[in-house]
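Visitor: Would you mind keeping the following structure in view while I ask a few things?
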Amino acid sequence: MILEALIGFTFLAALVVMLAPNAWAGRLAFALSAVPFVGSLYLWSRFDAVGNALTGGTIAFESRYEWVEVGGRTVSWFVGLDGISLPLVVLTTFLVPLAILSAWTPVDSRQSQFYGLMLFMEANLLGVFTALDFFLWFVFWEAVLVPMYFLIGIWGGPRRKYAAIKFFVYTNAASLLMFIGFMSLTFALGDSIGSLALPEITQALADGGLETWFGISPGRMAMVAFLATFAGFAVKVPIVPFHTWLPDAHVEAPTPVSVLLAGVLLKMGTYALLRFNFTMLPDQASALAIPIAAIAVISVVYGAMLALAQKDLKRIVAYSSVSSMGYVILGLVVFTEYGVGGATFQMVAHGLISGLMFMAVGVVYNATHTRMVGDMAGMADRMPVTVGILVAGAFGYMGLPLMAGFAGEFFIFVGAFGAPALPYAPVFTALAMFGIVIVAGYLLSAMQKTLFGPFRLETDYEIGPAPFHDVAPLAVLLAAIIVLGVAPDIFFEMIRDAAMPVVEGVSVDV
Amino acid sequence: MVDAFAYVPAVVLLPFFSFLVALGAGKYLPKGGAFGGVAATAGSFLLSLWVAATVAGGRAYNETLYTWAAGDQFELTFGALIDPLSALMLVIVTLVALLVHVFSLGYMNDEGETGLPRYYAGLGLFTASMLGFVVADNLLMAFMFFELVGLCSYLLIGFHFREPGPPSAAKKAFLVTRFGDYFFLVGVVAVFATFGTAAFAGEGSFPALAEAALAGSGDVWTPGGLGVETWFTVVGLLVLGGVVGKSAQFPLHTWLPDAMEGPTPVSALIHAATMVAAGVYLVARMYGFYALTPTTLAVIAFIGGFTALFAATMGVVKDELKQVLAYSTISQYGYMMLALGAGGYVAAVFHLTTHAFFKALLFLGAGSVIIAMHHNEDMWDMGGLKAKMPVTYYTFLAGSLALAGIFPFAGFWSKDEVLYEALVHGLNEPLLLGGYVMGLLAVPVTAFYTFRMVFLTFHGEPRSATARDPEPVRWNVKGPLTVLGSLAVVTGFINMVPVQKVLGLEGIDYLHRWLDNEWGGIDGLSSHHYADLGPYSSGYIGGGEVPTVLVGAAVSLGLALAGLGLAWRLYNVASPTEHTAKLGGIKDVLYNNYYLDELQVWIAYRTEDVAGGADTFDQGIIDGVVNGVSSVSLLGGNRVRRIQTGLVTQYATMLTLGLIALLVVLGVNGGWFL
């Protein structure tokens, strides 16, 4: 019941905030959003899952109620956690209060709706990471888009309508493709499944339950489903060449929305890839290892090159997400303990670091009302603490050891280099690793131009240090990044436990 | 009895605490947190002495202290490895860091700098990172602290962030070394993939496993069935990338002269004991692996010899005091690399030690001169400072004599041994001999630029108003100079190999005995073991060891004196002139550092061009397709609207046609028509 309570409370909080007056909606939303975070810490303290939820492991906080029956398949309310989903739940509940705090300064209209939608989105995100029934999962998955659409479309920048519609249509079309692909797969499973529960589907696929369906052989069916779901999730991640909605969405979205978009929403894509493509259809993933690794490397290097070309600070951070997500794909496709585990760890690490970067850029923007590199210089002189944390966050993004990003990236690299499942693994890994040089190039050069040197910015007002409620979430995020970088096993231990069955699921001739 | 090794973590953590204190409470503390840093480094220094004494008492330490990630595939850990090498390095680093902290009281506090808490926080973190690197018991931990050292150099080089120069120099330092570290990181990952461990010492360490694999008694992973020896060479070269970056070897040396934008005490720390030393130390730390791959050794030696000569030539024409020292650092680390590549493990560590003291001395001396000159660093505005600041002059002179390699100062002994090792091993190895020749040619150049610097700064007539009336310096400047000045004179005596060989005095080569585990140490990490692993044999000239020693020493000393003599003739006059102008075009090339900076800037710009092209492609083609699809569907929507005519007959026709089409499709797929 505890997961229902967590999700239900968040929905309720969204409703309450929606009805609250604008004047104190922000404070109320922050207070209410602290409850799910405390709740997720409680979950963590009582966490007792073993193995992977989809492959027959012990599921923590499992709760299942039959809902309806469609065509001989039951659809249930089925939620639970394992070592892969718990870190993402904690990440979500941790980031939302901080994102809400970072909205206090920039969001100055229709606050109750804004904060209500933020909480509504959080509730659906928690649903995505906890649902273990395909139908339930898909409902949450789609429902996340709705608040996001309004958050960008109402509170966004000048081109908010374009960005919101592009985001919505693009990701929705991708979801449709994924839905069709996956549903075909479940139809082809015939009588070997009696429900749409993900563990059951995983088991049936592993047992060879696919039948010939409308003349499509099991092997081809699995491959078609893999490609359809992969493409569908690739848009969400996003993987090159499906990434172009991301910078538009980020540039137009207000800071707190960007924080959740980069921090959590992108992880929906990688999480789904891990759950569906790499856990359920490992042999197809393995057969396509070379092309997948190639697009991972392209995402890393191409994304980083695009970031290098940008002049808008937020666009730089946005494109660097494309680059970082490329590492996650590489980690998944190598099917090793450190590869898959590192990919999952990197989801959390990148969630924190990109959240911090967007937030810090947002705090600077609150003061300067510009994000263009050429417009300002020497901001460190006026906002020393904010800039100090921004610099620390940037080094986190560059993979500075003892910060979370290094841990995630190193785990992926060390897991990938000698991986037997990926031909030419050392070459792919070494190429992807060059991303750490480019990322240092564009972040250092952007920082040098905007933060250091003699102060220069044309304004008709004085720029001073940012208010406490702007800086506090930055400091909290930085602390979390360092803690996770010094002691990655806080999460990495349970992640490994849940990742091992995925690794063992692939049949590789070593 | 209390065990010194239990306090090894404290050696690292004390400066880290001073970082935290200075960062958090520095502005409320007297002197911006300086005393915390002094106390912490003093504490680390005393503990390091105790640790070294314990090693001298016949013990060593190799323990895993913290598990960072406890996977089944690899266990990633932190630990401490204390053997004669790391114990010696601990003492050097903590001593130099302590003196730099004390000196900073004069250079930063007395000069009224702002941002002192940030400065002392940076120094503390810098020291802590370097100490963590020194005690690291595995390659991953070494890499992590290596990177943190890079971060600290960024923060301290860019200390004066309100000016345009320092942030740019800081960026360059981090970026250029990061480029090297990329290869290093690939190397670390490769070591894990190959050996399953990155431990430096012990039975299951990667040098030991590599040795076994080469002997045919062990099995390791190699990519694509590559031969073991080839693969080890590749791995060795990959790790070397990081060394070349941090130790500022050609072609990644360009960041170091720019790094002079940092405060002078920071330069002393970077050049003598921390960042630049880290690269060479890393090669020494995993010498058991490098000794196994002759190709890598030859590359190291050649890069080293080339860099020694190459950097020295640029030092000849520089006008600024710190610039000359910067190029001398690059050059001197070239000698250490030459020694390592030539199988002279002890010689390299010896030169690392003496250089740490005399280069810290020279930088702090330069700092003293800069205080006196009100932060004017141009040597052509100086002159005649000898009489006004005798402590600085005599200590600086001691450091210069050591740098130039003049008997009996510290640098003479260590440089002589480096060249000796390169010579005796190089007589049978042409590539090594090339390194030796370049190293030898660098000797007179070094002596020349060193004494050009000394004469221009201290001798002759004052050439500016400030030089006539320099600002006096206090005890906090003179104290560290005196300590280091003495060390620059005496450090050479810890290893008087030529004297031992010529006079037949056994046992005065203390450093050799120390690094050979004669007192205490860890099996497999001794200079003898490395010599056994190494590929080299010794050749002698003139019929034996003693003539070779004498000839080698005489030649290098003679060349050094020749360089000194030329500098004396040209610059030890009342009003010296710019003789380097006589070099004509060569001077321009040297002054502009062979245009290598321009080359790197060009590469950076071309990369940006490529990025711009990628951006255009992305906006135009990839996003163009996405937007194109959406406009097609919008257009399609318009067309589709036209068939909504409202005529029921038309709808019925369409329904029927659609049903037929659906049946055909399903039929074909289901095989009904076969």
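The backbone N, Cα and C atoms fix where each Cβ goes, glycine too.
Okay, these came from TrEMBL:
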DOMAIN    B:68-120  domain 'NADH-Ubiquinone oxidoreductase (complex I) chain 5 N-terminal'
DOMAIN    B:136-426  domain 'NADH:quinone oxidoreductase/Mrp antiporter transmembrane'
TRANSMEM  B:6-26  transmembrane segment
TRANSMEM  B:119-136  transmembrane segment
TRANSMEM  B:142-161  transmembrane segment
TRANSMEM  B:182-201  transmembrane segment
TRANSMEM  B:221-245  transmembrane segment
TRANSMEM  B:266-284  transmembrane segment
TRANSMEM  B:324-350  transmembrane segment
TRANSMEM  B:356-373  transmembrane segment
TRANSMEM  B:393-413  transmembrane segment
TRANSMEM  B:433-458  transmembrane segment
TRANSMEM  B:479-497  transmembrane segment
TRANSMEM  B:651-673  transmembrane segment
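Mind mapping these onto the model and telling me what they sit next to?
Guide: Per DSSP, the secondary structure of the domain 'NADH-Ubiquinone oxidoreductase (complex I) chain 5 N-terminal' (B:68-120) breaks down as 31 helix, 11 strand, 11 coil.
Here the transmembrane segment (B:6-26) has Cβ contacts under 8 Å with residues 32-33, 36-37, 39-41, 43-44, 47-48, 50-51, 61, 65, 80, 82, 90, 94, 97, 116-118, 120-125, 127-128, 131-132, 135 of the same chain, all six or more residues outside its ends.
Panel annotation: around the transmembrane segment (B:221-245), residues 139, 143, 146, 176-188, 190-191, 193-194, 210, 213-214, 251-252, 279-280, 282-283, 286, 289-290, 292-293, 295-296, 299-300, 303, 337 of the same chain, lying at least six beyond its termini, place a Cβ under 8 Å from a Cβ of the stretch.
If one looks beyond the transmembrane segment (B:356-373) by at least 6 residues along the same chain, the residues whose Cβ comes under 8 Å of a Cβ in the stretch are 92, 96, 99-100, 103, 106-107, 110-111, 264-265, 267-269, 271-273, 277, 321-322, 325, 328-329, 332, 381-382, 385, 388-389, 392, 395-396, 398-400, 402-403, 409-411, 457, 466-467, 470-473, 477-478, 480-481, 484-485, 487-488, 491.
Sequence-distant contacts of the transmembrane segment (B:393-413) (same chain, at least 6 residues past either end, Cβ-Cβ under 8 Å): 328, 332, 350-351, 354-355, 357-359, 361-362, 365-366, 369, 385-386, 443, 446-447, 450-451, 453-454, 457-458, 481-482, 484-485, 487-493, 495-498, 556-557, 560-561, 563-564.
For the transmembrane segment (B:433-458), same-chain residues at least 6 beyond its ends with a Cβ under 8 Å from one of its own Cβ atoms are 301-302, 304-306, 308-309, 312-313, 315-316, 318, 321, 324-325, 327-328, 331, 334-335, 338, 341-342, 369, 379-380, 382-386, 393, 396-397, 400, 403-406, 415, 418-419, 422-423, 426-427, 555-556, 559-564, 566-568, 570-572, 576.
Panel annotation: around the transmembrane segment (B:479-497), residues 99-100, 102-103, 346, 350, 353-354, 357-358, 360-361, 364-365, 368, 391-392, 394-396, 398-399, 401-402, 408-414, 417, 420, 508-512, 549 of the same chain, lying at least six beyond its termini, place a Cβ under 8 Å from a Cβ of the stretch.
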Visitor: For the domain 'NADH-Ubiquinone oxidoreductase (complex I) chain 5 N-terminal' (B:68-120), provide the mean pLDDT of the predicted model.
Guide: 90
